[in-house]
């Protein structure tokens, strides 16, 4: 036998409506009063009263200032997918550019595989166009993400935001690429010192500029770190912090200092080494002959330049080579300064190490004070003995040496006592106190959050139990009799029946029976 709790509830609502109508007719004695059914009254109240939600209710005309995390998460993941495709295409174009340059340089006199190299240049050119389109799509997705996260106006365009400048910079870096249309075009220059005629091809200049795409790879790589997520973006917006790859760089340096620094050094070494090689390799050829090349010199010069050593045994002869090493010098100064700051931060002792160091210093000073005190007693005994001997023999002995030693040891003891007190001075104790206060505040905040979570959990549990008890007592008499006759094996099985039959309306009943004060206590609160 199955019970229909909803029909029972409807019959009770109709009975209550009839009672309300009779009372109103007896009290008012007016036929003009129109009494609405109880369900309709509740429905009208629900329409007038707006439910508390963090989502926009566009159908009812409400607009909420909070973002929809489901939409922003979807847009965020879509942007990461496009960035991953862009990363792979940039890596592919860099590798293909290197292969094309190396083979073209070694066979420019014989023109081997000329048709195949032309097809390769078309592929590189097509991939660069796709990268530009993906870059524009990436910034469009970023614009949409900012709109959905309510950080900019809903009517803002890409030109009206600061994203347009980042987009232009990336397009300027991607746009110069090797292509079949400029393959046989040359730039002639005179070698400094010798006066010989040298040349670059236009595609070699484009390959030189192409290596700046490694910075784009770094920028995209930081977007796949642990801290780069939609949730952390909301936290940054909550504290009015810019959520960007610059923040990811800071967090990676703080979390993984040497790994991040190593990757930055490797990327700079690869870029400036190959740029210097492209710039200087043109001195090994003319229109009639070509010499063999060796990349080891370019690697050595770039490494000592980034490390800010600069031995001067090798140096660039061309203008492009000097531009490359000039940029590498600024890059190396930044890397070296970053390494010094990381090393200094690692060598700074924490609170426990400082406390241990203070205790060791106190132990050493105590040991030195004991040694000085024993020396003082020794010289006092020596002074007394010398005076007794001199008095007995009626001698005039000079005791200035013993007295000076006593004065020195006494002053040493005074200095060590002051050092003992200064180890736990105001500066050190203030630092320790500040560290422990920060830890105590963190524990207090965590304790308050746990208490609020437990109160909300208990509130929800009480309301659910109250709602379930009210449903249990609304069973019809014959159904309650069947319940006692063993129709259900246990109250838990009957409760499971209630939950399965009323699964769709349990949340609605919970929010209907929840009081306004309790409803507000379940909401998220933001503190200054």
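Glycine is no exception: its Cβ is also placed from the backbone N, Cα and C atoms.
Predicted automatically and left uncurated, TrEMBL annotations should be read as such.
Looking at 23-46, 47-70, 119-142, the range tied to transmembrane segment in TrEMBL is 119-142.
It is 163-181, from the ranges 144-162, 163-181, that TrEMBL records as transmembrane segment. With a cut-off of 8 Å on Cβ pairs spaced 6 or more residues apart, the transmembrane segment (201-222) and the transmembrane segment (163-181) reach 3 or more such pairs and are scored as touching. Within the chain carrying the transmembrane segment (163-181), a Cβ under 8 angstroms from the stretch's Cβ atoms is held by residues 90, 93, 97, 100-101, 118, 121-122, 124-125, 128, 131-132, 135-136, 139, 142-143, 203, 205-207, 209-210, 212-213, 215-216, all 6 or more beyond its ends. For the transmembrane segment (119-142), same-chain residues at least 6 beyond its ends with a Cβ under 8 Å from one of its own Cβ atoms are 75, 78-79, 82-83, 85-86, 89-90, 92-93, 96-97, 99-100, 158, 163, 166-167, 170-171, 174-175, 177-180, 183, 203.
Nonlocal intrachain contacts for the transmembrane segment (327-347), taken as residues 6+ away from its ends with a CB within less than 8 angstroms of a stretch CB, comprise 253, 257-258, 261, 264-265, 268, 272, 276, 302, 305-308. If you look at the transmembrane segment (83-99), the same-chain residues 6 or more away from its ends with a CB under 8 A from one of its CBs are 120, 123-124, 127-128, 130-131, 134-135, 138, 174, 177-178, 207, 210-211, 213-214, 216-217, 220-221, 223-224, 274.
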